[in-house]
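Annotation source TrEMBL lists domain 'N-acetyltransferase' at 1-145. The active site, proton acceptor annotation in TrEMBL covers 101. According to TrEMBL, the acetyl-CoA binding site annotation covers 106. Here TrEMBL flags 113 as active site, proton donor.
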Ligand SMILES: CC(C)(COP(=O)(O)OP(=O)(O)OC[C@H]1O[C@@H](n2cnc3c(N)ncnc32)[C@H](O)[C@@H]1OP(=O)(O)O)[C@@H](O)C(=O)NCCC(=O)NCCS
């Protein structure tokens, strides 16, 4: 298992993994994550990219914008490895906290974040569009001071 920092040349691999999400980001959205302050990390098993994380650092806080593991590779600990990597990188950069937003219906991701020690600190009503209506976003925070 290895990690690498992605470059725009990795966009096709990111797009392929992202295409399996219920609400996938567009190529333009993914491409915009190679700007100032962003960190895009890839997790590899052998020669296959099995997952990625995208975060942005502003001042002393990181925000996780996206994390995704190939469907066939879920439930095997890869999501946790990506989160461990995020936390290690944020701590090394001197961050005080990591924030994220997640759809209230996304029980897999919420399970992962709680498992890592993230705590719910807010809720944005009707923040995300769905096919037919809107749903809330949970705002979660991981304190880097406490561990
Ligand atoms: C969320 C996601 C990244 C988790 O990746 P994963 O590799 O399957 O997760 P792991 O195998 O490392 O599991 C780590 C923890 O997550 C939680 N978890 C994983 N799958 C879960 C599920 N189906 N239901 C509830 N909790 C789950 C568990 O707490 C698990 O810890 P445990 O194995 O000790 O019980 C993956 O489901 C995914 O890519 N989902 C689609 C993309 C997405 O929704 N991203 C979040 C956007 S905000």
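Every residue number used here counts from 1 along the chain in the order it is shown.
Every residue, even glycine, has its Cβ placed from backbone N, Cα and C.
No curator has checked TrEMBL annotations; they are predicted automatically.
Taking the features listed in TrEMBL, we show where each one sits on the structure.
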{"residue": "101", "record": "active site, proton acceptor", "DSSP (3 states)": "strand"}
{"residue": "106", "record": "acetyl-CoA binding site", "DSSP (3 states)": "coil"}
{"residue": "113", "record": "active site, proton donor", "DSSP (3 states)": "helix"}
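If you measure from the Cα atom of the residue listed as 'active site, proton donor' to that of residue 106 (acetyl-CoA binding site), you get 11 Å. In sequence order, 124, 127, 137, 138, 139, 140 are the residues near residue 101 (active site, proton acceptor), counting only same-chain partners six or more apart with C-beta under 8 A. Taken together, the residues in the domain 'N-acetyltransferase' (1-145) have a mean pLDDT of 96 on the 0 to 100 scale. Within the domain 'N-acetyltransferase' (1-145), the DSSP-based counts of helix, strand and coil residues read 47 helix, 60 strand, 38 coil. Highest local Cβ density among the recorded positions 106, 113 belongs to 113, counted as other Cβ atoms within 10 Å over all protein chains shown.
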